[in-house]
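**Student:** Shown below is the structure under consideration.
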């Protein structure tokens with residue numbers, strides 16, 4: 001990687017569709033056991049985490065993605081005390097979870113300890129000390145194996161957040177999007193728990209999205225799509241919310257804002273109004289007559 005232009009290929013590294021980003025500085029470039037890791041400074045976006053040639057998050061808009069991933073599920077649940085995060089090596093998902101004063105324990109499991117190490121050193125704006133919060137437990141382990149062990153131990157969680165690399169992207173997280181894996185995830189979710197997973201982009205990658213959505217829908221009473229435009233990704237990032245008890249629309253805009261206030265949660269993007277905007281923006285299935 002040299003100073004100049006960074007080419008982001010939306011579909012895959014080396015793919016036919018992409019965009020050029022001016023690179024102002026290379027802060028880190030290395031390779032772990034699992035993937036290539038770069039921390040770049042991109043003009044207009046600031047610090048940027050790139051894994052295997054795909055942008056994961058940028059300083060300018062990571063809060064949009066992470067607040068959208070975390071807070072709908074955390075806010076709809078009336079008392080999220082135990083939370084499991086699969087992936088999320090930058091620590092920003094953990095940061096957002098810990099904003100809720102109901103949380104007693106948050107376990108973050110990431111297979112790549114090198115990503116976590118690099119994030120600790122180069123991305124303090126992301127984790128903001130979350131790794132060292134006494135409520136946080138960081139586990140460097142394959143998420144699939146962790147879930148199996150947690151099930152054997154009889155552990156359970158109120159909210160489980162899957163913050164993995166894209167289902168259409170690198171293969172590192174592919175097995176955690178399968179029906180078998182989602183079934184294991186549900187086995188450590190309390191009966192009134194909520195699962196949320198990022199799911200790529202339903203509009204650009206419908207086959208990958210439908211695989212994720214189908215796996216979730218087959219196992220939960222309710223599965224709902226929502227989404228948010230992430231400028232650095234150049235697309236609407238899709239998410240899937242699932243529960244046997246709760247739905248995204250269970251709370252009014254006013255109730256969302258009230259819960260955020262009561263829990264001491266401060267956000268830059270997410271709010272009661274945005275909660276419903278996210279549901280509308282993620283309505284690809286609804287527009288095509290395939291709603292949940």
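Note: Cβ is positioned from N, Cα and C throughout, glycine not excepted.
Swiss-Prot lists these features:
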- 163: active site, proton acceptor (ACT_SITE)
- 35, 110, 142, 143: S-methyl-5'-thioadenosine binding site (BINDING)
- 66, 90: spermidine binding site (BINDING)
- 1-244: domain 'PABS' (DOMAIN)
**Student:** Cα-Cα separation of residue 142 (S-methyl-5'-thioadenosine binding site) and residue 66 (spermidine binding site), in Å?
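**Tutor:** Cα of residue 142 (S-methyl-5'-thioadenosine binding site) to Cα of residue 66 (spermidine binding site) measures 22 Å after rounding.
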**Student:** According to DSSP, does residue 66 (spermidine binding site) fall in a helix, a strand, or coil?
**Tutor:** helix
**Student:** How many whole Å apart are the CA atoms of residue 143 (S-methyl-5'-thioadenosine binding site) and residue 90 (spermidine binding site)?
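**Tutor:** Residue 143 (S-methyl-5'-thioadenosine binding site) and residue 90 (spermidine binding site) have their Cα atoms 16 Å apart.
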**Student:** Over the domain 'PABS' (1-244), what is the model's average pLDDT?
**Tutor:** 92
**Student:** How many whole Å apart are the CA atoms of residue 35 (S-methyl-5'-thioadenosine binding site) and residue 66 (spermidine binding site)?
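**Tutor:** Given the Cα positions, residue 35 (S-methyl-5'-thioadenosine binding site) is 22 Å from residue 66 (spermidine binding site).
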**Student:** Hey, how far is the residue listed as 'active site, proton acceptor' from residue 110 (S-methyl-5'-thioadenosine binding site), Cα to Cα, in Å?
**Tutor:** 10
**Student:** Taking the Cβ of residue 110 (S-methyl-5'-thioadenosine binding site) as the reference point, list residues of the same chain whose Cβ is under 8 angstroms away and which are at least six residues distant in sequence.
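**Tutor:** In sequence order, the residues whose Cβ lies under 8 Å from that of residue 110 (S-methyl-5'-thioadenosine binding site) (at least 6 apart) are 86, 87, 88, 89, 116, 138, 139, 140, 141, 143.
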**Student:** What three-state secondary structure does DSSP assign to residue 143 (S-methyl-5'-thioadenosine binding site)?
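**Tutor:** Assignment for residue 143 (S-methyl-5'-thioadenosine binding site) reads helix.
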**Student:** If you count the other Cβ atoms within 10 Å of each Cβ, which of the binding-site residues 35, 143 comes out on top?
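**Tutor:** Result of the Cβ crowding comparison: 143.
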**Student:** Select one residue from 90, 142: among these binding-site residues, choose the one with the most other Cβ atoms within 10 Å of its Cβ.
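**Tutor:** Of the binding-site residues 90, 142, the most buried by Cβ count within 10 Å is 90.
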**Student:** Which one, from the recorded positions 66, 163, has the smallest tally of other C-beta atoms lying within 10 Å of its C-beta?
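**Tutor:** Sparsest of the recorded positions 66, 163 by Cβ contacts within 10 Å: 163.
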**Student:** Measure between the Cα atoms of every pair in 35, 110, 142, 143, the residues the record assigns to S-methyl-5'-thioadenosine, and report the largest value in Å, rounded to a whole number.
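**Tutor:** About 16 Å separates the two most distant Cα atoms.
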